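According to Swiss-Prot, the protein has these features:
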- ASP93, ASP95, ASP97: Mg(2+) binding site (BINDING)
- CYS94, CYS112, CYS119: Zn(2+) binding site (BINDING)
Amino acid sequence: MSHLIFNQPSEDKSALEDAGDFTPRFDDRGLITAIVTDAGDGELLMVAHMNAQALALTIQTGTAHYFSRSRGKIWKKGETSGNLQTVKEIRTDCDQDAIWLKVEVAGHDATCHTGRRSCFYRTVTLREGKPMLDIIDDERHFDPQDIYGK
C-alpha cells in the first residue's frame, strides 16, 4: 500500500476553511489531535493523536490507527483486544488542526484499555474545595488482565 502524502497547509486562512484540499496541520511534534465518537449513538469514546503515517493508514484502510506518544510508535486500535475501530466518517475542523473520527467498535464494544466503552467514564466534581473524580460508568466489557496481562 502506497503511503499518502499530505500537502503543506496553506498560510491563507480562507484556503484552509473553504478549499477542497485536505491539508492537515500537524503540531511541532508532527501530531494531530483525533476525537473519536461512536458512529451510531455519538458517544465520545476517546481522544488520541495521529502522525501523518497513522492518519494515512486510517484513511487508506478504514481502520483507526493512532500514534502512541508514550511508546513512540503507531498502533492499530483494538489489535490486541479485538476491539478494532472501523471508521465510518472522518471530519476536520475549520483550520484542519484536529480531526473527528466516527467509528464502529468491534469485539467487546469497548474503547478504553480499562475495559470500559469510553475513556471518559469519570466526571470531575468539587467536594469540600477539592477537585475529585466520580465514576459514572463502571461497566467493564472485558477484563484488562485477561487481554493485556497487566
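Backbone N, Cα and C atoms are what each Cβ position is placed from, and that goes for glycine too.
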Which one, from the binding-site residues ASP93, ASP95, ASP97, has the smallest tally of other C-beta atoms lying within 10 Å of its C-beta? ASP95
Reported as an integer number of Å, what is the Cα distance between ASP95 (Mg(2+) binding site) and CYS112 (Zn(2+) binding site)? 28
Pick the one among the binding-site residues CYS94, CYS112, CYS119 whose Cβ has the fewest other Cβ atoms within 10 Å in this structure. CYS94
